[in-house]
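The annotation domain 'Citrate transporter-like' is assigned in TrEMBL to 27-371. Taken from TrEMBL, the feature transmembrane segment covers 7-24, 36-60, 67-89, 109-132, 144-164, 184-203, 224-243, 249-268, 289-310, 322-342, 362-390, 396-420.
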């Protein structure tokens with residue numbers, strides 16, 4: 001493909017993607033489903049890949065594998081959360097927190113902080129799903145939307161300083177760009193500041209207390225507790241799979257399979273247990289399939305942009321051919337901002353190939369910026385996309401008005417803390 005044709009196709013692809021982006025952001029005003037738009041732009045962009053003369057078969061094989069992994073991971077996590085919901089774990093947590101008689105603001109900060117911590121221990125996507133379920137029991141209306149926005153930022157910030165907390169951090173870690181100790185010690189404080197600043201700014205608008213209704217006492221059987229424990233342990237299995245260089249979704253599938261078997265065996269032993277009468281198949285039906293299709297549409301659109309060379313071109317123009325330390329630092333900051341618009345995974349992959357530095361501190365900055373940069377816009381990260389499907393009133397425009405400025409201030413604060421560390425400490 002000659003240079004002029006390649007440039008024209010890239011420009012057309014960017015126009016199509018941004019046009020779709022705008023329509024998605026105005027979904028509630030245009031009354032057009034975001035899922036339909038994402039699927040259309042995804043397929044149309046792949047038609048451009050075909051026109052460009054690229055090997056579509058090889059490109060689809062590579063992209064399809066990555067999309068499959070993310071969708072299976074998400075579907076498995078959502079199913080496990082449905083199991084936990086059915087067996088009453090969130091009811092117990094709800095009643096326990098109510099017993100502390102905290103106001104909405106206190107509940108807001110506790111849930112946000114727990115999201116930050118668990119995103120580092122598990123991963124940001126799983127933590128988002130779990131804590132949104134908990135938040136939905138405490139908050140209503142605007143307070144729920146504000147809390148959901150804070151959860152997204154907390155999840156992305158928490159995942160950024162853990163080698164298993166975010167896909168991009170894991171990519172850099174597995175590429176030996178930094179050690180486990182390096183990413184935790186050097187990224188923790190910047191990530192913490194991103195979380196604290198953003199959460200405090202959003203939390204100022206949590207003012208009206210909703211009256212929490214104490215649910216009736218929940219009594220769980222031994223079997224119920226076993227299934228809940230297996231679900232929670234299943235969320236740890238992706239960590240094990242990552243450490244042995246297997247895809248994380250293998251862990252969730254293994255856990256889901258074990259729970260499925262245990263539930264079937266428990267039905268035989270206790271046929272009169274009402275909670276066991278539900279089947280895993282029924283819980284599958286409770287998952288939000290439309291949201292998964294939206295996720296697929298966004299992922300295939302980004303994959304098409306990647307194969308058209310758009311993301312490589314962006315990374316090259318940001319970093320240059322032989323970047324200095326200052327250029328790498330500024331490039332990392334820019335790439336982080338761009339991750340609010342484009343998927344941070346291909347941007348990070350391109351940066352790994354382009355940037356020539358062995359300084360782990362600079363790679364830590366990239367992990368921070370691409371990890372938390374997606375929080376600037378609602379559909380800039382996987383937790384944001386998932387949250388949009390779980391909390392119906394959380395729209396692109398509502399997030400923009402509630403969370404974008406706090407996230408941007410937090411983003412700048414995190415970078416400032418990293419710069420102080422880099423030049424004064426490490």
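Yeah, the Cβs are placed from backbone N, Cα and C, and that goes for glycine too.
Remember, TrEMBL labels are computer predictions, not curated facts.
From a predicted model like this one, the values you see are computed outputs, not experimental measurements.
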Per-region confidence, the domain 'Citrate transporter-like' (27-371) (mean pLDDT, whole number): 84
Selection from 36-60, 144-164, 224-243, 249-268, 362-390, the stretch that has most Cβ pairs under 8 A to the transmembrane segment (7-24): 36-60
Ranked first among 67-89, 289-310, 396-420 for CB pairs under 8 angstroms with the transmembrane segment (144-164): 396-420
Contact yes or no, the transmembrane segment (67-89) and the transmembrane segment (396-420), 3+ Cβ pairs under 8 Å, gap 6+: no
